[in-house]
Amino acid sequence: MARQFTRKRLERAVGPADERLTRRAVLGATIGNILEFYDFATYSFFAIQIGQAFFPATNQFASLMLSLGTFGAGFVTRPIGAIVLGSYSDRAGRRPAMTASFALMSVAVLLLAITPSYETIGLAAPLLAIFSRLLQGFALGGEVGPTTAYLMEAAPVKARGLAVSFQPASQQVAATAGALVGEILSLTMTSEALNAYGWRIALLLGAATLPFGLWLRSVLPETLHRPEAPVLATQPVRRSPAARRIISFGFVILASCTINAYVTGYMTTYALNTLHVSAPLAFGTTLISSIAGIAAALLGGLLADRAGRRRIMIWPQAAALLMTYPVFLWIAESRSALALLGGLGALTLIGTIPYGAFFVSMVESLPRNIRGGAFATIYAFAIAIFGGTAQPIVTWLIYLTGSALAPAWYMLLASAAGLFAMLMMPETAPLNCMPNHRRTSTTPRPLP
């Protein structure tokens, strides 16, 4: 039903012929994100098992922290990949940059999946695991900027929000796939088998997309030199105060979204380690909330095309700020299936709606010749600083305070900062996207 809905929406906006091109562009651009966040979800779900495989620590907490530290190592090379591959996309084109990032990403996932355990090869095991995360971080750093720019450039003005919303929606698709695989493995395998090799099966399934992904991206039409409507910032960033303001507040919003998304993604480990619920319940909860996130991301993009970017960012963020602590309190005290399903589902639904509006607002504000590199760099630094540390910080806070509510306070701080930055952002939607406006103009609204 969701596919039919988005298909009709695209067809109304661009016509049947262009709609086919847009669907191919969406699939080709988002397949790298799907692999990225599938691996992220899988690593989060199986952090305990991966820690036991690659690290010799006898203490479960120490092993988990080493595993999460290795997970965070990939964030160190993200800014480097963003600068290299992002700027490459602005010079050579979106397609070659996206193809290169996907190939590197797939190799990194495959390497992690086939690396023997510490018991088999000793110190080489954690070193290879860390190398695979560093390589993947480099690839992922150059993934989001070029693909988001590509989605915006491939879409008509009236459907930019919906097209770009497939970027965060693809992340939820990946989380859904990861949770589904985790649920199936936890139900069909013994604990011993799951710890020994079950998590490797999950990673190998992600690496299996390599041939199809490379082919799909190699046949995508290039958008770097395609004519488009004027963007808001036409001067270089260093000479444009408005562009610098957008980038500064955009970084804060990305930091907020990153912390909330990664802490939410940590909920499987949180439910298993802190709340001590069963593995099927933990994976099933994440699966259902991820499905809600797919619908929320696409809904946010659609609303951004109809009501403007700014209000679709602000109101859901304010709701998330009010809901976070009560939801965590409900989950921690109840520890029931209803609390986990309802609470995590609500946080995912409300928290994902602003993503499409924010992503399209950022990329349509930047000139084409720096769009891929600039957005990639902003995104990569936010992810590197706050994404790479979110799960270790939450784990440490729970260990330090002994409180199951520690993640809620961290998310509240991030949500408050994000809401402030959203209030400072200008409206970037074309005038014909705004309510009570005659739908005749496609000129972007000027920055204040």
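Cβ atoms are placed via backbone N, Cα and C, with glycine included.
Just so you know, TrEMBL annotations never went through curation; they're auto-generated.
Taken from TrEMBL, the feature transmembrane segment covers 21-41 (among others).
The domain 'Major facilitator superfamily (MFS) profile' feature in TrEMBL is assigned to 25-429.
The transmembrane segment annotation in TrEMBL covers 61-85 (among others).
The transmembrane segment annotation in TrEMBL covers 197-216 (among others). Taking Cβ pairs closer than 8 Å, the transmembrane segment (197-216) reaches residues 27-28, 31-32, 34-35, 38-39, 42, 45-46, 49-50, 53, 99, 102-103, 106-107, 109-110, 112-114, 178, 181-182, 185-186, 189 in its own chain, all 6 or more past its ends.
The transmembrane segment annotation in TrEMBL covers 246-267 (among others).
The transmembrane segment feature in TrEMBL is assigned to 279-300 (among others). Sequence-distant contacts of the transmembrane segment (279-300), counting only residues of its own chain at least 6 positions beyond either end whose CB sits under 8 Å from a CB of the stretch, comprise 2, 5-6, 41, 45, 161-162, 165-166, 168-169, 171-173, 175-176, 178-180, 182-183, 186-187, 194, 264-265, 267-268, 271-272, 312, 316, 337, 340-341, 344-345, 347-357.
The transmembrane segment annotation in TrEMBL covers 312-332 (among others).
TrEMBL lists 338-363 (among others) with the feature transmembrane segment.
Summarising the annotation, TrEMBL assigns transmembrane segment to 375-399 (among others).
Long-range contacts of the transmembrane segment (405-425) within its own chain (CB-CB distance under 8 A, at least 6 residues past either end) are made by residues 245-246, 249-250, 252-253, 255-257, 259-260, 263, 266, 270, 309-310, 313-314, 317-318, 320-321, 324-325, 327-329, 332, 354, 358, 361, 386, 390, 393-394, 397-398. For 405-425 (among others), the entry in TrEMBL reads transmembrane segment.
Tertiary neighbourhood of the transmembrane segment (338-363): same-chain residues 148-149, 152, 160-165, 167-169, 172, 246, 250, 253-254, 257, 260-261, 264, 267, 271, 277, 281-282, 284-286, 288-290, 292-293, 295-301, 303-304, 309-310, 312-314, 316-317, 319-320, 323-324, 327-328, 330-331, 371, 375, 378, 422, 425, 428-429, selected by CB-CB distance under 8 Å and a gap of 6+ residues from either end.
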